[in-house]
Amino acid sequence: MDQGFRQWLTTVFRDRVKWDEPMSRHTTLGVGGPADALVAPETVSELRELIGRCRAQNIAFMVLAGGSNLLVRDRGIRGIVIDMKKYWQTIERHSDRGSGARLTVGAGLTLAALCRYAADNGLAGMTFAVGIPGTVGGAVAMNAGTAEGWMGDVVEAVEMVTGDGRRIRKEKQDLVFSYRRFAVRNDDTATPGPPVITGVDLGLGFDDSEALKAAAEERRRRRTATQPAGFRSAGCFFKNPEAGDPAGKLIDRAGLKGLAVGGAVVSEAHGNFLVNRGNATAGDLLALMETVQRRVADRFGVTLEPEVTIVGQ
């Protein structure tokens, strides 16, 4: 990153660019070395120009959403990290249809805020997401969900800026959702950099607000009872295998709950949570991940794939 590009970032983004920013401050795991620059665009125009200049100068960039499904290595990230949480938190309700309502939601809005809005306004369809950390944009990008529902169930359209700076909109018929994956049918977003989700249209039904709040509270209670509290984590660390027992059960059957490497430990509450006891490094978590993968593979012949995105050096 040359001095001219640094000067442009400082001139345009001022206090919205942070140099050598520790990523441990921006991930739910609380680990990770510094990013060369963390930049928070406020508008689509700023985002497009930032992406265009990165591409023109061959500077790598990645998107930071809620940081809840992200493990950054200890030496950090070279290039630009685009913060899509700070200024992208709007909710716009359109004219209701007979069967429900349509919302346009900023990619940086937290799932928690969206779930509260839906319940408060008698809009059904988001209860499955209660307790899932992160932002709407990040949740769509990985098709976050549970056995009770997925983001793909409620998404009607996605607005994006492509890796070459184009602003595009894709309707439901153009979108493909699968387990922990989102893609575009007949993809024209394929460019040297990833598309950046800026907004999402959601289709929600109608229900009694008090009933929705009660269902949300029950969902919250169940998650609290079965998942670790008091430690930093990324949520479920491994994808569930396509067949057979889920990852957490395999880890439990292998006797790995409580296994620790440095400050990282397999949660006693849920085997698919690798948690930071307060002093973990990314290296600790990666070493623990590899140990769990090896022990599960040796015992059951199953290779666990990480659900978290692992980035950096």
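Any Cβ shown, glycine's included, is placed from N, Cα and C.
Quick look at what Swiss-Prot lists:
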ACT_SITE  ARG180  active site
ACT_SITE  CYS236  active site, proton donor
ACT_SITE  GLU307  active site
DOMAIN    31-207  domain 'FAD-binding PCMH-type'
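Looking only at the domain 'FAD-binding PCMH-type' (31-207), the predicted model's pLDDT averages out at 92.
Its Cβ taken as reference, ARG180 (active site) is surrounded by 17 other Cβ atoms within 10 Å in the chains shown.
Within the same chain, residues at least six positions away from CYS236 (active site, proton donor) with a Cβ under 8 Å of its Cβ are ALA247, GLY248, ASN272, PHE273, GLU307.
In this view, GLU307 (active site) is surrounded by 19 other Cβ atoms within 10 Å of its Cβ, with every protein chain counted.
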